[in-house]
Amino acid sequence: MNSKVFAVLLLLALSTCVLSEKYCPTPRNTSCKKMNIRNNCCRDSDCTSNAFCCAEPCGNFCHKASDKPGGRRVDPNASCKTGYVYW
């Protein structure tokens, strides 16, 4: 009996972890002119309201988490500065 209860609780915990996974939303723009690239953030801690710092073609921007994968979070270890990016 105890092993059945444990199995159910384990399954519930695993499904909760999977369902609570959050992602960056799919970017709206698929391309960007180099002169328009701007980083509003370089890591999640630069964002407010538990938003994610997401990499997009026109720079890094804070977005509310999405339940569906499609975007890409900024690597917090990557070299990054906020503001306009000049090439």
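Note that Cβ sites are derived from N, Cα and C of the backbone, with glycine treated the same way.
The shown structure was predicted, so the numbers you read here are calculated from the model rather than taken from an experiment.
According to Swiss-Prot:
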type	residues	note
DISULFID	C24-C54	disulfide bond
DISULFID	C32-C58	disulfide bond
DISULFID	C41-C53	disulfide bond
DISULFID	C42-C80	disulfide bond
DISULFID	C47-C62	disulfide bond
DOMAIN	21-66	domain 'WAP'
SIGNAL	1-20	signal peptide
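Taking each of the disulfide-bonded residues C41, C42, C54 in turn and counting other Cβ atoms within 10 Å of its Cβ gives the largest count for C54. The candidate set comprises the disulfide-bonded residues C32, C47, C53, C58, C80. Of these, C53 has the most other Cβ atoms within 10 Å.
Looking only at the disulfide-bonded residues C24, C62, the densest Cβ neighbourhood within 10 Å occurs at C24. Looking only at the disulfide-bonded residues C32, C41, C47, C62, C80, the one with its C-alpha closest to C54 (disulfide bond) is C62. Cα distances from C24 (disulfide bond) to the disulfide-bonded residues C41, C42, C58, C62 are smallest for C62.
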